[in-house]
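Trainee: Sharing the record's features from TrEMBL:
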REGION    52-75  region 'Disordered'
DOMAIN    74-154  domain 'Copper amine oxidase N2-terminal'
DOMAIN    165-264  domain 'Copper amine oxidase N3-terminal'
DOMAIN    289-704  domain 'Copper amine oxidase catalytic'
ACT_SITE  ASP368  active site, proton acceptor
MOD_RES   TYR456  2',4',5'-topaquinone
ACT_SITE  TYR456  active site, schiff-base intermediate with substrate
Amino acid sequence: MAAGKYLLYSFLSITTAFALFFAWLHLPSPPLNAAELFDCAAYSPWCTSKSQPTTLDHQNPTRRHDHASDIPHHPLDPLTVQEITQVCSILSSHPLFRSSPFSIHSLVVEEPQKSLVLEWQTGDPLPPRKASVVARVDGKSHVLTVDLTSANVAILRTGPHSGYPTMTAEEMYTATWVPMKSERFNQTILDRGIALSDVSCLPISTGWFGATEENRRLIKVQCYSMKDTANFYMRPIEGLTVLVDLDAQQVIEISDKGKNIPIPKAANTDYRYSAQPPNKVMKLLNPISIEQPKGPSFSVEDEHLVKWANWEFHLKPDPRAGMVISRAKARDPDTGILRDVIYKGFTSELFVPYMDPSDAWYFKTYMDAGEYGFGLQAMSLDPLNDCPRNAYYIDGVFAAVDGKPYVRRNMICLFERYAGDIGWRHAESPITGLDITEVRPKVTLVARMAASVANYDYIVDWEFQTDGLIRIKVGLSGILMVKGTSYENTNQFAGQDLYGTLLSENVIGVIHDHFVTFYLDMDIDGSDNSFVKVNLQRQMTSRGESPRKSYLKAVKKVAKTEKEAQIKLKLYDPSEFHIVNPSVKTRVGNPVGYKVVPAATAASLLDLDDPPQRRGAFTNNQIWVTPYNRSEEWAGGQFVYQSHGEDTLQTWSDRDRGIENRDIVVWYTLGFHHVPCQEDFPIMPTVSASFDLKPVNFFESNPILRFPPNTIEDLPVCKAAASA
């Protein structure tokens with residue numbers, strides 16, 4: 001994530017603060033608008049479709065769905081507006097909540113036991129609907145289950161805990177106003193020549209660094225000048241940090257160690273298209289849009305069940321994970337049967353440590369899902385710019401701090417992507433005398449969300465391919481968390497460690513990492529799977545055996561326990577990482593499976609005993625495998641805020657439980673080292689990394705062998721009215 005966590009305040013008014021917080025970010029290049037994209041149907045009869053699924057409205061993809069009448073259709077469906085309201089009513093009558101102030105930190109569906117979900121078929125009655133609730137009452141954290149049928153409330157766990165629940169947006173916002181109560185703080189702002197009306201502040205999680213931080217929830221507040229720019233992140237009031245008691249909403253300590261550091265200038269920091277000089281706008285591209293003359297090839301049933309080509313899966317928004325993919329199945333081209341691939345997959349945690357040990361920066365070691373809520377920070381997607389015109393949108397329905405439901409519009413989009421890529425091809429050489437050219441286009445289905453966690457924006461894509469591959473991609477954009485400095489040129493600090501890069505006058509982009517850990521409950525043709533490490537080893541030939549001296553050999557080893565599946569990627573000791581079902585074999589005897597295919601990634605270089613790394617110990621390896629346990633879903637632990645690191649994926653995996661031919665969960669961490677550069681100023685072009693889940697002997701042969709090629713008759717030729 002990003003440092004500086006999101007909610008800002010302006011001393012102008014609460015209204016101004018909320019408007020700024022919820023404002024949508026636009027890149028400085030021109031955003032598309034509907035008027036620029038002509039309606040293909042107006043220019044070609046081929047664009048008139050009678051086969052468009054009735055569940056999709058692509059003429060109005062951002063339709064205002066009325067969630068008041070929603071009902072659940074699937075055991076994994078999120079709670080509806082009515083259900084959240086019902087839970088709120090049940091809790092208000094419970095003795096725990098009747099006599100004391102409370103705050104709801106999480107209110108989500110409690111998924112049924114996995115065995116019940118696997119047995120359930122469309123048309124069956126739903127298992128009893130329950131809600132999982134995390135609440136704070138009288139300074140204590142509580143985990144409860146609410147049965148919506150019986151109205152029974154079961155208290156599963158009561159504090160104290162190492163760590164606290166995800167913060168609520170309301171308490172973060174309130175915390176940013178606490179410094180206003182301090183005369184010393186206000187005077188410090190004025191002494192720096194900053195008008196109080198120009199100040200915006202951010203609530204920053206504190207991490208955990210020892211006993212002095214025990215027994216109370218703490219947050220640190222740092223501030224910026226928003227004078228003359230919307231990009232206040234580039235104008236830090238450096239060295240000023242206010243420690244706040246999050247429960248008492250009181251100032252504990254003010255640290256002011258940057259009085260001599262100037263506020264960076266506002267010039268050239270605004271990223272909004274409307275703020276760019278008209279004579280410098282770069283309209284280098286003509287508008288582009290993908291047309292689907294016969295309508296989309298996917299449908300969304302009952303808001304959450306997605307069907308496309310040879311895939312079917314359940315998709316739902318989640319306040320902590322952001323987007324959850326469940327019950328992903330691929331249709332076998334030979335038998336027509338839908339086969340299990342993934343039971344559940346989602347973003348489990350994000351760990352973002354900044355590499356500046358100084359007083360105002362050492363604690364910036366964010367856990368974006370567990371501390372802030374990755375889904376809570378997901379903003380409404382911008383049609384035509386976040387997602388193409390052929391996208392379909394899904395809303396998130398969440399609970400506020402008082403338990404009442406609210407809707408996050410257009411939180412997830414679905415769209416088919418064709419970028420000119422090739423699914424498979426072969427052209428026969430002329431020397432064979434065979435005149436053969438066979439090519440198949442690659443069309444994929446993308447499920448996308450974007451979270452704006454303060455300054456940083458994360459784009460998460462789950463991309464499904466017809467050949468059975470799933471690509472999971474994370475894009476990083478948004479605004480750097482920067483440090484103020486007195487330096488204006490690199491010739492002023494020869495040899496000095498700035499902990500980053502001088503990006504502009506008085507602005508340092510601090511070096512930091514991003515680690516995004518994914519939870520992948522793989523069910524390859526059933527729940528009992530094994531993890532196989534396929535090590536590629538150099539073999540030497542015997543004297544006289546061959547003109548070759550060496551070759552590669554694949555050596556397979558089945559991991560029997562968790563420690564055997566703790567994987568650090570090594571370029572010069574390569575392996576493949578297979579998840580197989582040893583009980584299901586192909587026609588020729590290979591166990592069916594999928595493999596994790598890493599791409600560019602990064603590993604944490606922090607000392608293992610550094611407090612941030614102890615909390616982020618789930619990044620100590622790139623791959624882990626654990627036995628399925630429904631209580632082990634969050635890599636940093638259930639309660640991450642100010643946790644000590646004793647309830648992490650590392651802790652679970654070190655138990656070294658058996659994982660052979662068991663229901664197992666694979667964990668994969670994407671990593672980014674970010675050394676900022678001037679091109680990242682004032683807003684960053686998106687940088688992405690991904691990994692694949694690829695079939696390995698899952699199908700009997702190429703599953704898209706019999707897919708047809710495109711022909712000119714299939715596709716419209718659309719021309720704008722003014723075209724020659």
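Using the three backbone atoms N, Cα and C, a Cβ is placed for every residue, glycine included.
Please go over these features one by one and say how buried each is and what sits next to it.
Mentor: Neighbour density for TYR456 (2',4',5'-topaquinone): within 10 A of its CB lie 29 other CB atoms from the protein chains shown.
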Trainee: How many Å separate the Cα atoms of TYR456 (2',4',5'-topaquinone) and ASP368 (active site, proton acceptor)?
Mentor: 11
Trainee: Across the domain 'Copper amine oxidase N3-terminal' (165-264), what does the pLDDT come to on average, as a whole number?
Mentor: 95
Trainee: Which residue counts does DSSP give the domain 'Copper amine oxidase N3-terminal' (165-264) for helix, strand and coil?
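Mentor: For the domain 'Copper amine oxidase N3-terminal' (165-264), the helix, strand and coil counts are 29 helix, 32 strand, 39 coil.
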Trainee: For a three-state summary based on DSSP, what are the helix, strand and coil counts in the domain 'Copper amine oxidase N2-terminal' (74-154)?
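Mentor: Split into helix, strand and coil, the domain 'Copper amine oxidase N2-terminal' (74-154) gives 22 helix, 26 strand, 33 coil.
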